Amino acid sequence: MPRFSDQLLYIGGRYVPARGGHTFEVVNPATGEVLANVHNAGADDLDAAVDSAQAGQRQWAALTTVERSRILLRAVALLRERNDALAELETLNTGKPLSETRSVDVVTGADVLEYYAGVAQALQGAQVPLREGSFFYTRHEPLGVVGAIGAWNYPIQIALWKAAPALAAGNAMIFKPSEVTPLTALKLAEIFTEAGLPDGVFNVLPGDGASVGTALTEHPQIEKISFTGGTATGRKVMASASSSSLKEVTMELGGKSPLIVCADADLDLAADIAMMANFYSSGQVCTNGTRVFVPRALRHAFEARLLARVQRIHIGDPLDERTTFGPLVSAAHMQRVLEHIEQGKAEGARLLCGGERLQDGALAQGYYVAPTIFSDCTDVMTIVREEIFGPVLSLLTYDDEDEAVTRANATTYGLAAGVVTPDLARAHRLIHRLEAGICWVNTWGESPAPMPVGGYKQSGVGRENGLATLQAYTRTKSVQIELERYASVF
């Protein structure tokens, strides 16, 4: 018997059943327990959501930016008031430790919504004189109805990252959460309605890609798609969106990010950063610094520091506040990670720790993989080239700065990069040469609301967060005004 009642679709400010009557199970990855049966949206449900969104968007866009901001700020207050309950639901659905979801997932999502509620009023056009009797002005107008497809690792945070700029700019959004972790997106829809968002302005359609995801990207009345997920799926989404109606797209995709530890680095600081860049959220973070480059002479000292820190990881029940490392999100994903680990062993990487599924006691019921560190890695190894999206750190050695940068850039990805050094001149020199959209110096992982985030190369298109993203949810209208009598040549 599932823990929760059937989860319906959220269309037009209320819960409705899927028209096709199909459902899918959502599982707690720490225990294998079925949490709920969730209704699977289809094309007919999408059409209903689009109709609802179009009606709601007209009402929403007619409000002043001040009025829209007040409603969004009420939603922020409700999110913060319900932080603990939402965090617990997120932990049940994702397997992430409660210590994480309480302090990061809802908190940072609410921060982004608050940011856009504040800057929405700064979305202004320009007035430019052309000559004595003529000028033009520009308007930033909402796109209309936009679609978004979320990932399973940060469900409510990603939903808010996508909804906040879209709604602040006057759009309506149809959001498809990952079918693996859809529960908190539905709660977010409730909160928006309670805060005063007009019906239809934020609809949630759980379901798989075949049943609703493709239909969302192809729908002719959806003006933009924002997608977070893997690069292979991103290519399909982009092709579908462009071939159907030339939709605009924003994509935050995969990564295989480098972390360069410089010869003058504080090795304790570098080890702390490497641990967070690989094992936070059990390694299920797109920006993870999974390729750690360390000077050859410092390899053994650095290995020792990493191994000492692995011993401090508290693996266990995600609902236990002492736990700092939980299961992977699903059995299928666990199997994929384990296959990559076996590939690393077969290709000659030296296993320092981990490398297996954890099955002691209650852990056997969940999808736990031990924190894994490989050393003696080479650039051609599969574990170094491919995104694993799990707790697998690959340690590589280098001899000089130019070599480190060249090898760090030798990837089709370009999402993130980091440098550890006390020398700021060196830090800037290296960062400016690294081909990545998000870079950190002597830190890792923070993405505050005002900071645009997104990738180079095959790690993404466009940006999330920051003022530029608000503008990306608008289209610019240019209007010329002639004050003198128009002179025709005919």
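Placed from the backbone N, Cα and C atoms, the Cβ positions cover glycine too.
In Swiss-Prot this protein carries:
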ACT_SITE  Lys162  active site, charge relay system
ACT_SITE  Cys286  active site, nucleophile
ACT_SITE  Glu464  active site, charge relay system
BINDING   Asn93, Val180  K(+) 1 binding site
BINDING   Leu246, Lys457, Gly460  K(+) 2 binding site
MOD_RES   Cys286  cysteine sulfenic acid (-SOH)
SITE      Glu248  site 'Seems to be a necessary countercharge to the potassium cations'
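On the structure: features taken from Swiss-Prot.
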{"residue": "Asn93", "record": "K(+) 1 binding site", "Cβ neighbours (10 Å)": "26"}
{"residue": "Lys162", "record": "active site, charge relay system", "Cβ neighbours (10 Å)": "26"}
{"residue": "Val180", "record": "K(+) 1 binding site", "Cβ neighbours (10 Å)": "20"}
{"residue": "Leu246", "record": "K(+) 2 binding site", "Cβ neighbours (10 Å)": "9"}
{"residue": "Glu248", "record": "site 'Seems to be a necessary countercharge to the potassium cations'", "Cβ neighbours (10 Å)": "17"}
{"residue": "Cys286", "record": "active site, nucleophile", "Cβ neighbours (10 Å)": "25"}
{"residue": "Lys457", "record": "K(+) 2 binding site", "Cβ neighbours (10 Å)": "17"}
{"residue": "Gly460", "record": "K(+) 2 binding site", "Cβ neighbours (10 Å)": "28"}
{"residue": "Glu464", "record": "active site, charge relay system", "Cβ neighbours (10 Å)": "25"}
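For Gly460 (K(+) 2 binding site), the nearest of the recorded positions Asn93, Lys162, Val180, Cys286 in terms of C-alpha separation is Cys286.
In this structure, the C-alpha atom of Lys162 (active site, charge relay system) lies 20 angstrom from that of Leu246 (K(+) 2 binding site). Taking Cα separation as the measure, Cys286 (active site, nucleophile) is nearest to Lys457 of the recorded positions Asn93, Glu248, Lys457. Closest by Cα distance to Glu464 (active site, charge relay system), from the recorded positions Asn93, Glu248, Lys457, is Glu248. Between the CA atoms of Val180 (K(+) 1 binding site) and Glu248 (site 'Seems to be a necessary countercharge to the potassium cations') there is a gap of 26 Å. The distance from the Cα of Glu248 (site 'Seems to be a necessary countercharge to the potassium cations') to the Cα of Lys457 (K(+) 2 binding site) comes to 18 Å. Of the recorded residues, Lys457 (K(+) 2 binding site) and Asn93 (K(+) 1 binding site) place their C-alpha atoms 32 Å from one another. Leu246 (K(+) 2 binding site) and Asn93 (K(+) 1 binding site) have their C-alpha atoms 35 Å apart, to the nearest angstrom. Classification of Lys457 (K(+) 2 binding site) by DSSP places it within a helix.
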